[in-house]
Amino acid sequence: MALKIRLARGGSKKRPYYHVVLADARSPRDGRFLENLGSWNPMLAKDDEKRVQLNAERIKHWLDNGAQPTDRVLRFLNEAGVAKREAKNNPIKAKPGKRAQERAAEKAQKAADAAAAAADAAE
């Protein structure tokens, strides 16, 4: 049984409230869970201490027993100092696309041609 530490949505329409729960990965998002581990209220201010509440002791216990947190929960755990979130590394994303590289090469070529023409005119 693969266990996930994830968010289960509660609250009413347009007023979300989430429970941080331990659940089987195959169970529905708001369905059966094994243990309630905390809560997240995105409607509160970001600096409010009640915005994210976690039971760090139980979360550590379940992480040691193989439970996998979802990305959003891992962000909360990283902020609380319970778990370490590795920085994502995508070096390809930093490179411009093919057409942008072509445009940059054309622009550089035009600048070089203009500089050469200016040098010829100065002589």
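Just so it is clear, glycine is given a Cβ too, placed from its N, Cα and C backbone atoms.
Here the structure is a predicted model, which means the values were calculated and not measured.
Summarising the annotation, Swiss-Prot assigns compositional bias 'Basic and acidic residues' to 99-110. Note on the compositional bias 'Basic and acidic residues' (99-110): none of the residues of its chain located 6 or more positions outside it place their CB under 8 angstroms from a CB of the stretch.
Secondary structure by DSSP for the compositional bias 'Low complexity' (111-123): 12 helix, 0 strand, 1 coil. Residues annotated as compositional bias 'Low complexity' in Swiss-Prot: 111-123.
Under the heading region 'Disordered', Swiss-Prot lists 87-123.
Helix first, then strand, then coil: DSSP counts for the compositional bias 'Basic and acidic residues' (99-110) stand at 12 helix, 0 strand, 0 coil.
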